[in-house]
Amino acid sequence: MICLILSLFSYFFQTGWTGENERTFVAVKPDGVQRRLVGEILRRFEKRGFKLVGLKLVKASEDLLREHYWDLRSKPFFRGLMSYMSSGPIVVMVWEGLDVVKTARKMLGETNPADSLPGTIRGDFCVEVGRNVIHGSDSVASAQKEISLWFGQDELHCWEDNSRGWIYD
Ligand code: ADP
């Protein structure tokens, strides 16, 4: 019930998911799936203490990818990005928790793996910007947009987190 209220609230007011209820959109790109990195990436987010509220394997349509990367449409690498992202299935997920948008970006590393510190996902598992294995929303507003683009309301799950008291004071 609380989840439904929060969903409706976040639909009408863009600030709905805040605090411990903040959500972000993360996608393991085709290279990450091919290279069997899905489990490792899930493990990192779970161990950090974030809560998984949505997860699926999808073959993204060109329309969906174009909408997702609309802001980059005039970049010289846009066509390559479209073909890379549609080259195989991707695993999309929604994670919930305090400051999850900012923290997920830190866990991912920089856009260019060469600038990413060891210990980050891109710093540990890839070398080139055009094959950087993972996407994560860059702001709360983008997260809200991306989550509603990739997930239906019925695909996001509210569940009682029994370890909550060991993660938050
Ligand atoms: P991020 O994914 O870190 O938010 P951007 O939104 O700037 O970064 O770019 C989206 C994606 O476009 C990157 O993750 C990467 O896959 C691709 N990309 C960005 N810059 C380049 C580039 N110079 N050459 C090839 N691909 C790029």
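Here, residue 1 is simply the first one shown, and the rest follow in order.
Cβ atoms here come from the backbone N, Cα and C positions, even for glycine.
Those TrEMBL annotations? Automatic predictions, nothing curated.
The annotation signal peptide is assigned in TrEMBL to 1-18.
TrEMBL lists 21-158 with the feature domain 'Nucleoside diphosphate kinase-like'. Across the domain 'Nucleoside diphosphate kinase-like' (21-158), the model assigns an average pLDDT of 98.
If you look up TrEMBL, you'll see LYS29, PHE77, ARG105, THR111, ARG122, ASN132 marked as ATP binding site. Less than 8 angstroms from the CB of ARG105 (ATP binding site) sit GLY136, SER137, ASP138, each of them six or more residues away in the same chain. ARG105 (ATP binding site) falls within a helical segment according to DSSP.
In the three-state DSSP scheme, HIS135 (active site, pros-phosphohistidine intermediate) is classed as strand. The feature active site, pros-phosphohistidine intermediate is assigned by TrEMBL to HIS135.
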Distance [Cα-Cα, Å, rounded] between ARG122 (ATP binding site) and HIS135 (active site, pros-phosphohistidine intermediate): 10
Binding-site residues listed as THR111, ASN132, least Cβ neighbours within 10 Å: THR111
Helix, strand and coil totals (DSSP H, G, I; E, B; other) for the domain 'Nucleoside diphosphate kinase-like' (21-158): 69 helix, 26 strand, 43 coil
